[in-house]
Amino acid sequence: MIITQMSQFYMAGLGLLFLINILPGTTGQVESRRQEPGDFVKQDIGGLSPKHAPDIPDDSTDNITIFTRILDRLLDGYDNRLRPGLGDAVTEVKTDIYVTSFGPVSDTDMEYTIDVFFRQTWHDERLKFDGPMKILPLNNLLASKIWTPDTFFHNGKKSVAHNMTTPNKLLRLVDNGTLLYTMRLTIHAECPMHLEDFPMDVHACPLKFGSYAYTTAEVVYSWTLGKNKSVEVAQDGSRLNQYDLLGHVVGTEIIRSSTGEYVVMTTHFHLKRKIGYFVIQTYLPCIMTVILSQVSFWLNRESVPARTVFGVTTVLTMTTLSISARNSLPKVAYATAMDWFMAVCYAFVFSALIEFATVNYFTKRSWAWEGKKVPEALEMKKKTPAVPTKKTSTTFNIVGTTYPINLAKDTEFSAISKGAAPSTSSTPTIIASPKTTCVQDIPTETKTYNSVSKVDKISRIIFPVLFAIFNLVYWATYVNRESAIKGMIRKQ
């Protein structure tokens with residue numbers, strides 16, 4: 001019995017020794033499996049480092065670890081629902097804008113498109129830190145974890161924040177708690193237009209932004225570099241085909257509503273329309289149409305078909321031009337400068353047609369008056385007997401002697417030849433030779449052409465002179481107005 005117990009104790013001891021020899025090898029195998037290439041191991045500093053540590057400098061690894069701890073500490077207990085300085089001071093947000101592209105501008109929708117880098121700077125005491133770097137560049141991921149201004153664009157119809165290939169946002173944190181937040185935006189903003197001077201018009205397209213929820217007692221806005229340098233437009237930033245960007249004016253406004261007073265930052269971009277397109281498409285065709293309508297004054301007044309074609313064609317052409325010129329404009333209730341020009345041109349063209357109608361009317365009346373004499377003369381011819389001879393003699397015979405006579409000069413003989421009746425007396429004073437015949441003026445139904453109408457003669461001078469005077473006054477007025485507007489913008 002004792003021997004059996006000793007043998008069992010001996011076997012248990014051998015088994016224990018065997019297990020002691022096996023376990024260290026097993027532990028080494030497990031650790032070797034964990035340290036495969038590409039795996040990470042814990043370091044004493046508490047960070048993560050690759051197995052191939054010489055590839056990454058130790059100081060860089062230390063900075064990453066340090067700032068990771070700093071950010072974790074800053075965000076620990078940070079409430080992004082509360083603005084900086086809540087209950088103590090007003091939060092000041094400084095802004096500036098860099099315009100990368102401006103345009104296009106839509107006249108029909110009265111809006112414009114602008115692509116900008118929008119920058120905002122503010123101070124947050126909760127984000128102060130001490131570290132090896134004074135400025136910490138960050139990406140957009142931290143922006144969702146901290147408080148940011150609730151800026152919106154008052155006259156923006158649609159705004160797009162670019163997200164390709166990642167959200168185009170930049171966040172920089174300074175050790176004193178100052179933050180710089182930059183984003184790239186494409187904004188479709190409203191631009192009220194007054195088109196009375198179209199197409200020599202100038203517009204001030206505003207860009208207005210401010211806080212949506214915070215009043216002036218909580219958040220105020222200011223320009224980072226002052227009013228002169230806080231808004232900058234790139235040299236090649238204009239995307240305008242019909243406008244020139246003259247400049248911009250920066251300002252600040254206070255608006256009042258039922259919820260309080262709000263600060264609104266404003267920038268007005270001044271645009272001047274290019275007139276070249278409209279000169280080619282509208283003004284020159286109108287001028288040429290008016291000149292063409294005045295060509296009819298130099299045609300014969302009996303050329304009814306030609307002058308009718310001139311008048312009707314030019315009127316229809318002006319109607320077509322006026323309709324096409326309005327297609328590129330919004331349907332405003334007032335007349336523009338182009339409308340006035342086309343209305344005057346239309347009046348000249350229509351007046352030329354009326355002038356022809358007047359001349360043609362009086363021309364037909366004169367033919368009718370001449371035609372009245374023909375039936376009366378034919379009636380007289382039937383009642384008065386005439387000598388059946390075809391030739392009228394230009395001589396007369398007195399006592400056997402023949403003398404030549406000029407009936408056109410001698411009025412007495414002309415009266416005798418026209419008014420004397422055949423006498424039955426046996427002793428006539430004047431004995432006509434066999435060649436003598438009775439002279440009778442009988443009108444014929446022949447159409448005679450009228451001379452140039454006095455109305456046409458006057459119109460050839462009056463119409464061109466009046467049209468030239470109108471053009472001088474029209475262009476002088478709007479060119480001077482354009483210079484005054486440009487001078488006003490430079491002063492601002």
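Keep in mind that glycine also has a Cβ here, set from the backbone N, Cα and C atoms.
Feature annotation from Swiss-Prot assigns 4-aminobutanoate binding site to Arg119, Thr182; the stated evidence is similarity to another entry. According to Swiss-Prot, the feature phosphothreonine maps to Thr427. Residues or ranges marked as signal peptide in Swiss-Prot (evidence: sequence analysis): 1-28. The topological domain 'Extracellular' annotation in Swiss-Prot covers 29-274, 326-336, 479-492 and rests on a curator's inference. Here Swiss-Prot flags 296-305, 358-457 as topological domain 'Cytoplasmic'. Marked as transmembrane segment by Swiss-Prot on the basis of sequence analysis: 275-295, 306-325, 337-357, 458-478.
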Which residues of the same chain, at least 6 past either end of the topological domain 'Cytoplasmic' (296-305), have a Cβ under 8 Å from a Cβ in it? 311, 352, 355-356, 359-360, 363, 449-450, 452-453, 456, 459-460, 463
Counting only residues 6 or more past its boundaries, what in the same chain has a CB within less than 8 Å of a CB in the transmembrane segment (458-478)? 197, 200, 287, 290, 294, 297-298, 337, 340-341, 344, 348, 351-352, 355
Over the topological domain 'Extracellular' (326-336), what is the model's average pLDDT? 86
With DSSP helix as H/G/I and strand as E/B, how many residues of the topological domain 'Cytoplasmic' (296-305) fall in helix, strand and coil? 5 helix, 0 strand, 5 coil
For the topological domain 'Extracellular' (326-336), what are the same-chain contacts with Cβ under 8 Å, counting residues 6+ beyond its ends? 107-110, 193, 195-199, 343
Work out, from DSSP, the number of helix, strand and coil residues along the topological domain 'Extracellular' (326-336). 1 helix, 0 strand, 10 coil
